[in-house]
Every structure is written in C-alpha cells, then in structure tokens.
Amino acid sequence: MEGGGGASYQRFPVVKVRETKDDYLKFELRGTDASVANALRRVMIAEVPTIAIDLVEIEVNSSVLNDEFIAHRLGLVPLTSDRAMSMRFSRDCDACDGDGQCEFCSVEFHLRAKCMTDQTLDVTSKDLISSDHTVVPVDFSDALADDSAEQKGITIVKLRRGQELRLRAIARKGIGKDHAKWSPAATVTFMYEPEIHINEDLVETLSLEEKQSWVESSPTKVFDINPNTEQVLVVDPEAYTYDEEVIKKAEAMGKPGLVEIYAKEDSFIFTVESTGAIKASQLVLNAIDVLKQKLDAVRLSEDTVEADDQFGELGAHMRGG
Amino acid sequence: MEDLRNRSHADVDYRKLAAPIKSAVDKFQLVPEFLKVRGLVKQHLDSFNYFANTEIKKIVRANDKIVSSVDPNLYVRFKDVRIGNPTEALEGIVEDLSPQKCRLTDKTYAAPVLVDVEYTKGSHGGYSLLEKNDVTIARMPIMLRSCCCVLFRKDEDELARLGECPLDPGGYFVIKGTEKVILIQEQLSKNRIIIDTDKKGNINASVTSSTEATKSKTVVVMEKGKMYLQLNQFAKNIPIMIVMKAMGMESDQEVVQMIGRDPRYSALLLQSIEECASLSIFTQQQALEFLEGKLKKLPYANMSTGKEGRAMSILRDVFLANVRVIKNNFRPKCIYVAVMLRRMMEAILNKDAMDDKDYVGNKRLELSGQLISLLFEDLFKTMISEVQKQADNVLSKRSRSSQLDLSMLLVKDIITQGLERALSTGNWDVKRFRMHRKGMTQVLARLSFIGTLGHVTRISPQFEKSRKVSGPRALQPSQWGMLCPCDTPEGEACGLVKNLALMTHVTTDQEEGPLIALCYCLGVEDLELLSGEELHTPNSFLIIFNGLILGKHRRPQRFANTMRKLRRIGRIGEFVSVFVNEKQWCVYIASDGGRVCRPLVIADKGISRIKEHHMKGLLDGARTFDDFLREGLVEYLDVNEENNALIALYEQDATPETTHIEIEPFTILGVCAGLIPFPHHNQSPRNTYQCAMGKQAMGNIAYNQLLRMDTLLYLLVYPQRPLLTTRTIELTGYDKLGAGQNATVAVMSYSGYDIEDAIVMNKSSLDRGFGRCIVMKKYSAVNQKYENGTSDRILRPPRKDDRNKKGENPDWERMQILDNDGIAAPGEIIRPNDVYINKESPIITKGNPKLGGLKDSDYKPSRQTFKGAEGESCVVDRVTLSSDKNYNLSIKFMIRHTRRPEVGDKFSSRHGQKGVCGTIVQQEDFPFSERGICPDLIMNPHGFPSRMTVGKMIELLGGKAGVSCGRFHYGSAFGEPSGHADRVEAISETLVKHGFSYNGKDFLYSGITGCPLQAYIFMGPIYYQKLKHMVLDKMHARGSGPRVMLTRQPTEGRARNGGLRVGEMERDCLIAYGASMLIYERLMLSSDPFEVQVCRACGLLGYYNYKLKTGICSSCKNGDNISTMKLPYACKLLIQELQSMNIVPRLRLADS
C-alpha cells in the first residue's frame, strides 16, 4: 500500500492486560495472527533464560535417595532469575573459559543438613544457601496465604536420624530448550477469542425448559438465562471451549442456527503462569526481547555467516534452534 | 394370560436391573478379610506348615526304628521330631538366621530338624537304654513366612527390623542366597477312576494308585469288544475275567451281578466271559497259573517270592494298590474292578459318561509341602539305611572294645545336602517311586513386585510342552473362580502354565479315619455286608471316599446334606467336599490334598446368609473371615462340589434354587490380571498380553529393594500409584509398590514417528523425570583361598605420583575410584574399563606352600574391570563384604546407572498395548489445550480399532475424571453392578462438571503453528509402564573387532562385540540380485580372508617360506608351480580337515 517496493504487512498489535499477579498474567493480544502469538508462546516456554542448578558436587549423602536423584531434584528447584537476562551463558563466558565457575556466569549454592533427632527432617529448597542474594530458591510463602507460621520450601529429601546431606551446587543460566528446568513458564497458553451470536428470534421460539436444557448443554458456563426476562445471555464467551456442544444441542432440538460461534482469527487471550523464577509480566517482556533479538539476528545475518558470532548470546539461541 | 404375566415379570426384572443397587449386602469386605487370613500365597504356606507340623511327624513315626542287623538289641528309636528355629551353627556358636541375612551372605535359610531319640548301648550281656533329646539330624530349608520362619506373625516394624518387606508374600525358600520357588505342580488326581479313550480310540478306565508304599497305574481297556487289564508287571493284556477269577470271583454270575443286571451291560461283558471260558479257565488256581505265565521276566532271576507266587502278590500290592487287601480279602478289589467296568460300559453306551482329563475337578495341585515331604521321606529312609549299614560295618569288624553309640551315627549331611541340592537345581529324584522331575524350582522373579506375586501363584503342567494338542490348553469352564482365565504365557506353554485366581485355596490332606467312621455312622451300608446284587439296586448311591468305595446309601441327598451341615458347623474339616453325582449314582467325598477350592457365601432358598450386621461386625473388626466360616455363612467348595451348587453372581440374581452367592466376581482373575482396569471391556488376548508385560514393568520391587543385592534390579525414579485403580491393586499392595506412571496421553497422529505403535514423548516431561529409571547391576569378586594355603590379595592401588621399579605408573588413571583398601568406593563414578577391585592372585596355587611367604613377584594381577556402555557413567552404589559358602571373602558391588528414556525404549499401557518411543519432541512443539494442558506422550489412534481395547479408553476417561475431581476412580473387573468400577455415564458427568467434554475429547492447538487442530483430541491420563527392554542394553554395531580363533570369522553376539551375520537367506537374495561383488566383499573380505599358496601341479595347499620368499608345495617339495590366491580361512580349514580324514581335495586353478 504505502512504501515503495512490496506490499507491507505491517500490523500494530495491541496488548491489553486483564489480570496480573506475581506468577499469573492474563492478557489479550489483538491485531496479529496465530504465527506471532505462537512464536511468543514458544519463546516463553523454551527460550527465556533463567537460572537453575546445573552441577552438583556431593560431599556426603547418606540419605535414602541416591546422588543423581538428588541432583535431578535440585535442578528442578526454581531460582529467582531476574538477573538471568544480563548474565552470561557459561559456555561463552570469557572470564572462566567456559567452565562455568565464575561470578559472571554462575551462582554457588551450599546445602548442609543432618538429622539429629528422631523426627524426620525435611530438607527443602530453603536449606539451599546461595552465594548471591539475588539468586535464591523461589519463596512461595506469600503466594499461599500465611495460614501456617512457617512456610516450607520444596522438599528435596527427607532425612531420618543420623542421615546427612552435604553438597555444593552451581547454578547456571540456561534456556528451556536445553532442559525443562530452565523453563520459566509453568503454563503458557492462548486461545482464540470466540465471537458468539445468538439468534434471538429463534431463541424466543423455545420454552423456558428448552432454554434451560440448551444452556446447560455446554460443559462450561458460557450462557445463562436472565431470570427476569427469560432471555438467553452470553455470560462468559471465553469460557467457551470450542466443544460445539451447544451447536449440536441446537441441532438435536431441531433449531439449527440457534447460535453462531466464530473464532476471531486475530485476537488471542493469553494465560501465562510462571514457575516463580521471574514474574509472569517480566516473562512476557523478556520473551518479547528474545523474540526481537532473534528477529534482529535474522535480519542482520542475511549477508554473512560470521555475523552470527558477533551476537554472542543470540547466536547461541540460533544455533540451538 | 400366562404369557402376559411372564412378560410383565420380565419387565419388572429389567427395571430391577436398571435400578441402582442398594439392597444387596456389600460382601466385598470379605475379600480383603480372606486375604488377611489366608494371604496371597496361603496355599504354599499351609502346605509347608502341614508338612512341618504333621507330615514330618508321620514320616518319622512310620520309620522310627533303626535296628542293627548284627546285634538286634542295639537300636535307635525316634520318639519325636520337630523343626527348630532357623539357626546356623558356626564353629560351635549357634547364630540366629534371618532371611535377609541369608540372601546377602549366600547362605541357606534353614532350621535344624530335631529329634528325641531313645537308644541302647552296650554289648552282649548288658544293654543300657539311653535317651537323648534335641539331636539335629538335618537342616531343613524353611519357607519364608511359614510357621517355622522368624517372620511368622511379625508386624511391620519387626519385619522392617529384620530387613524384610511387609508386602513380600513369602512362600519361597532362600537357598545359597538365591530365592527359590517350588512351582505348583498340576497332576491328574490319584486314586480315581478316569474313563478316557486311548490313541486307538478304545475306551479305557485308568486308576493311578498312590499309597505310601507304592505307586502304580492300572488300566482296564476295551479292545474289540473284550475287556483287558493292562498293568506294567504283565507283558500282555490280561482278560479281565481272568483277573476276577484270580481274585476269587469264580462265578461269572456274581461278576455280572456286581456290574449290574441291566441286560445291556451283560451283553457287553459276554465276549469277555466267552474268551475266559475258551481259555478254559474256571478256577482261581487256573487263573493264577495263567497270570504267572504272563508276568514280565524280572532282570534278576530270583523267582522265589514265597509260597503264594508273584501273580498273587502283584494282584494284592500293585494292581489297584489304593484298594487295600486286608487278610487276603479281595472282595473290595473285585467290587472296585466291577465299578470300573460298569463305568466303562456306561461310557460305551453313552458317550457323555466319559471323563474329561482337563476338568479341573480331576486335577490335583502338588504344592511345596507335599513335594518336600516326598523328598524328605526318601532321604530319611536313605539315612536310616546308611546308619544301619554303618553300624553293621562297625559291629562286624571291630572287636568292639569301645561301645558303639548308635545315636552318634545319625549324620545330618545326607538329608541336608539332598534337600539343598534338590531345591537349588530343581531336580526331584525319588528312586523308590522312579520319579525324576526336572525344573521343579525356579529363581524367584524379582523384576517387579507383581512379577514376584505372579511367580509364586504359577502352576506348572506335568505334560511335556511340545505336544500339539488343544485340549489341555483350552480354557476350561470348570476353572471359573479357581484359575485365572487371563494369565497364561504366549507361545509353547500357552494354556498349560496357569495361575491361581485371587481367592483360590489348595487343600492339604485331612485325617481319613474319623471321616470314614462318620460316614458309616450316617447310614452308609458297609461294602462287606452287601452282595453283588445289592450294590447297584436302584435308588441307592455308592459312597466313594477319596476314591475308595465305602458302601452304599439309600438316601444320598440326605446323607450329603448331613455331611455338609456337619462341615458348616465345623465338626469336620472345612475343606471336605461332598459331591452327589446323579449320573453315576455316586456320592464322592474328598478330603485329600491338592484340590482347588474357593469360598462362597451360603444362601438358603436364594437368600444370602450374610446380613448387614455381619458385614458391620467385620468392618468394626468384631469378626474375622474365620468367624464367617465357623458360623456357616461362608464355605469352601471344590470344583466337584460346585456341580451340586447353583451359584448366583449377585444377591439380586438369586432364585429360590440358588444355594450359593459369589463373594465378588472380580476374584475369578489372578493377581496379574487384577491390575488391568476394566478388563471386561477388552478383547481377551489383550489382557493376556498385559499379564505377561506387567511382569516386565519397572517400578518398586519391595520396601527393602535398596538393601537387597539382586543381580539385576530395575527401579523407577518416580513410580506412581495408578489414577485408575482396581480392588485387586489395593489388595495386593500394587498401590504401594507401583510400576508405572500416570501419563497424559493424547490419542492423535503426530510427526510420522508414531507408526507401528511407536509413541511420541514430550522432552520436558522426560526432563522432569517421566520414565526415568535406575538400573542396578551386581558385580562380585571372591578373595579365593587355594589348596596350598595361598590366597588372593587385594592391594592398595597405585596413585598418581607412585612409580614402580621401572619408573612407570600406567594404571593409576583406571584405579582412581579405588579406596586405599583396593576396593571401589561407594559413590564414585565408574566408567568403562575402570578397575573396581585391585586383586592379585598367586601364580602357584598347587603343591606345597612356599616357605617364607610369598613375594610380590609371586603374584599376578587379576584385577576386575568394569564393562559398561561406552560414554555412560555409572556409580558404585554399594559394596558389601561377606563370607561365601566356602568361607572365602566375597565382595559384591552394586553399580547403579540412572537412565532417562530415549528413542527405542519400550513402554506399555495396562492393556497389552506396547510400543517403543519413536521420537522425543520439544514441549513447545507439542499440542496444547487452552487450559494449558500439554500431553506427556502421544499415541497413534491406529492402535485402537484392531486391538479393541475399550478398557484403555475408559481408563483415560476415568483418569481424567479422577484428576479433575480428586478421587481415585475404580475399574475392577465386572465391577459396575457392585460399585467397584465407575460407570462411563458417571465419569462423563464428572467430566462435564469440570468443564470437559463428556467424551473425553479436547480442543487442542498445534504447538508448531498455533492453529487449532482439525479434530477434537481424545486426551487424558493413562497409567504407563516402562518395560525392562531398553535400547541401551541392546544396541549394537561393529566395524572391526574380535574374531573366533578357529575360523578367524567375526564373533557372534553383542556381548562379544560380534558381527551381524549375512546369513544364508540374505546371501540368496544377493545372488538372485546378482550383486556378486557385494557377496565377495561380505562373505570373504569382511569376514575371514586368507592368502594361500596353491600348487598348480598337485592342487594342494603349500606354505610361504619367509627365508626364500617363495611359496613352496610340501607334497611336490618345490616352489615351481605355486600360485597365490585368496580364500576364506574357513575354506582352508575345511580343506585341511578333509585331508586329516584321508580325503584329498585338490584345487584346479584356471586363468581368469
């Protein structure tokens, strides 16, 4: 249209945040198509960096679980990773030649626990002592209303009398593509916004009972009946799961076309839940950053292969893909 | 009118069926109560307990005296026998044994057999009678959890202290550290008349007699209208009438009377009578002489067996040995023969009267107790004769300066070793009965918990497996409730190897005397008082007790009812069966061991005796299963007696004729089939497949799994309890020791790497621990002692800075994981080719010990290196030091390897649907629902139509409902009417309530494009098992490698890094294709190429002389006509081998 050469497909997506908590975010994304929405989703799951324990040196382990078992569990403990975007991948860290032990690319943890009593001792993520106060195991205590005085972390292992666990762990930056422990997203999903049109005239031909049974045919509560006017209303279009039960029901009642439901092809409702490593809102922003960097990399590396290297971190993203 | 009423009646019935069940008393609680009392392997324990408490005493009482034949005044008499506590005497110190201790230190878990003896001592004039108590004559291997075991009646805490798993069923032995099960042996019942046809189609009646003294098989066969006796001791068939005459039935009329006066029977007998007459045998004397002539010649020609002759003694002791001849009264035996003949003739006249060999009622199961008692009896007798021989030897030789103490000769090694050998090899050799059975014991399968349970309840057949007959393999209607209809292996043992059902009990022997006396008291007319004529008068039934004819009764039904009443009030044993056979006019009473039976609820006129308050008492703990039995609410029925019962499946189905009600229908399945949810919705072979696969599933083995030292141990890192459980799962403890994980499965096609049942797995799920497993392998080393007093030694390993005399230190890197004691340290990471024990052996191990000790140079290294998959790192998990059976130091290493699933690993659901992992896909590429649910694995929908595993679909639905509402759903077999399985309607309602579609399908988006998928996807949790077959253990490739010395061809098999053979058929394909160069390259160049010198003159092979640098023919003695050519080494070998056999193969060479 405008511009010189080819047609421009530039669109101006709009984001509207509906609900936000530390680890939960619901927003609308309008004015773009499925590829962009999906790219955002994929990046959130797999390419937003976080910090997670990657190397465990066990000094003493007389617990019932074996070393690999504990190491695996430690890896899956989410760590606060607000620093992650600015941290280096240990594989391209110059300061330590990539062995991942320097302050620029790693965080050291210590865990010392020994059960001295007859009561079973739960070793939790709270027992992990970090060398960096910005990178600590995620604290869930305020997320759950403070019903108990002492909120426990994530259980790593249980010790009985005389058992001991002593270890040193190195946390590094990574992305979810390499291992799920680096994925900051617990849930990232989107849906097409449904557009529901009720054929009012046809609905009026139904009796109240019929309306009731039709409304109830939807497994989710999408429709309701106004108790006063006996009108069928769309209460919550987003509860609709595209199950077509209502359409089938309408057909079964001999009233095809009672309702028409479309999916709006250009608007999406995102639900993002974070593991706690970064805030859900930050997760989205980081994802957009990463996405942008990726696009930059594609744009800039058109000419030369060497261009890859100059992007450092980004090059790694692309090589990983 | 009548019709109408019937219809309306049917309507009522229909409505009743559709109505929710509330009226019937829920009898399910009886099942766990039964299992609490009887346990899953109670049959084994009961059988062993019976042996330990009763049978062993009987055996010793029957052979209680050892009398010296030289001096009959010297004797030993066993007064009492018992089995002590499991202990071990080591150098005079008696130490208590526990099963776990035995497993770890390769000992036999055995207890001493103690006897109290009374014996005489002295000579000629003066003998003194002495007594000794608690003399150990043998060490008896003890069945775990039996009454002699230390685990008997221990609670969970005590078991844990002994290192034992409370869920372990017991019922096996620990022999030299390995757990051995004596398989239940299935046999045709003994001492019963079985009418059958032989190969030629002749009808015969056979009896396998078995008494304490002898075993024999008697066959009466109908050949060409005449009846004959077949007995091993006679060379030919003997006309049956002659046998009758030999037993004193000289009058043909009496025989006819005994068989019955029906003219049809007489007609059938006529030819036999005529034959006898034509041989002009009329008297007993003549008959016996005739028999004497037909006897098989004995190998040793000692014909003097006393005045009566051998024929007579065979007739008395071998022929129908189960019918005792008391004071030469052959009449019971004659009647027995008459009954046999009558049954045969019935079968001739009416084919329905034929017996079915495969009928479960005609089978007996031999359990460990019986088998051990057989062995013990034989060994005990051997020991007695050995002691006697020894005593006689001593007495006859020595001038008896010292007095012989007979009790000192009671050696314990014969019995101990005999028992131990039989149990560890599984070979049962009892010479007296000419019994040589192999494979009676097996190493207990410890791959999975369910596999262990399934192994203990397995029944092995007596037939050889090769026979291509379908009869014994087919499912028998009579095995309902007794043997599991699903659990049988595929392939050659299909249908022959069976498994017990959940509630089956196998009886043990019961005292016969009082029961016989009781029968007479209840109006049985004694056989002795009956004439032949009276035997078969109408309306009178023969009473047959354990195959023995007691007499007849005029009111059989009343008699049977009285017997049953006595049984229900507990006056006679609960396992005595009373069976009125209307067809044969007989009442069978059985109290013998090995019958299978099961408990049923008694109903009076269709009304269950169990009422609400009974069940309440049970739930409150005020009653036990035994109370139910004692009060006559529940009773055991064996397969035969079931024929007299009308058993209703549910209380509401009962009619006034109903006599019994099933406790729970799902108990017809065994342990393995009990894991399957909704098995009644599956195609039946699928359940059979799952029964086989459940035994290969990884999970938890036992609570003490990490304390055990199994050779191979597969564990799951995060085993789960199935979301969709069954009652059997809860009863067996599978919910505590699961072997699988609940995976969210999407049934859809994805990526093309899911064809042929392959599954696509989610990488993130694997990262988070799905399907992660631990493989532990045992490696052992022995610090051997040698005959010259030398022994192996274990050395401190060389460290990095150490240098030997030459200043070298080549091996320190391989020995980094060793501790200073030379043994690998637990917790160390071990890589292929690492040394795990730095052992050295003396070079000279024979002859006299070297003086002044051994120097370092007298030892050669015999290090043991770890061989594992290249690139994988394992960890030394545990190291144990113990002494082995030869008192050498034995060092065992458990080496652990944690694996995450990879492409090619095998998985299976619980519905016989196995598949390998086809590809692993990133989570972001996986489809997702708008709730954010992303499956763990994707299964191709083509797996469903041909397999028809509807149960799996219901499992998915039920699992999905279960996770959404937070309640474990049930899927017990046939459980819908009784509420032990959730109905699909109810599940669908739950799903809808939680916002899912009623049909379990979800609306998914593609993870790759973000677009909605074209179809709704059936998605939900299904319990998946990881099977022990993993690619890491199987994958194999070879470039070049080791060769066999003889043929110089590559070795065979993965373990030897062998080659992959281009076999005969592959070669044929290549020939047909014409790929000659490929054949040349595969069959020769890549296999065993060899350069030979061939003499063109004589055609023989020569050799290459390296000095002269020419080939020389050794037969022509020159090198003039030598050609060099390539040949497979195997061909050269063949030529030379032929030459060594005086065949001269010559090669004719031509220019090409």
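Just so you know, glycine gets a Cβ as well, placed from its N, Cα and C.
TrEMBL entries are annotated by machine, without manual review.
Record features, source TrEMBL:
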- B:39-415: domain 'RNA polymerase beta subunit protrusion' (DOMAIN)
- B:190-366: domain 'RNA polymerase Rpb2' (DOMAIN)
- B:442-506: domain 'RNA polymerase Rpb2' (DOMAIN)
- B:543-603: domain 'RNA polymerase Rpb2' (DOMAIN)
- B:625-657: domain 'RNA polymerase Rpb2' (DOMAIN)
- B:672-1056: domain 'DNA-directed RNA polymerase subunit 2 hybrid-binding' (DOMAIN)
- B:789-811: region 'Disordered' (REGION)
- B:793-811: compositional bias 'Basic and acidic residues' (COMPBIAS)
- B:1058-1148: domain 'RNA polymerase Rpb2' (DOMAIN)
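Taking residue pairs at least 6 apart in sequence, the domain 'RNA polymerase Rpb2' (B:625-657) and the domain 'RNA polymerase Rpb2' (B:190-366) share three or more C-beta contacts under 8 angstroms. Each of B:39-415, B:672-1056, B:1058-1148 was scored by its Cβ pairs under 8 Å to the domain 'RNA polymerase Rpb2' (B:625-657), and the highest score goes to B:39-415. Among the stretches B:39-415, B:672-1056, B:1058-1148, the one making the largest number of Cβ pairs under 8 Å with the domain 'RNA polymerase Rpb2' (B:442-506) is B:672-1056. In the predicted structure, the domain 'DNA-directed RNA polymerase subunit 2 hybrid-binding' (B:672-1056) carries a mean pLDDT of 91. A Cβ distance under 8 Å defines the sequence-distant neighbours of the region 'Disordered' (B:789-811), meaning residues of its chain 6+ beyond its ends; these are 782-783, 818, 820-823, 835, 837-842, 844-845, 849-850, 854, 859, 862, 888. Secondary structure of the region 'Disordered' (B:789-811) per DSSP (helix as H, G, I; strand as E, B; remaining residues coil): 0 helix, 3 strand, 20 coil. Remark: secondary structure over the domain 'RNA polymerase Rpb2' (B:543-603) totals 13 helix, 27 strand, 21 coil, with classes taken from DSSP. Each residue of the domain 'RNA polymerase Rpb2' (B:625-657) gets a DSSP state, and the totals for helix, strand and coil are 13 helix, 7 strand, 13 coil. As a summary of secondary structure, the domain 'RNA polymerase Rpb2' (B:442-506) carries 17 helix, 11 strand, 37 coil according to DSSP.
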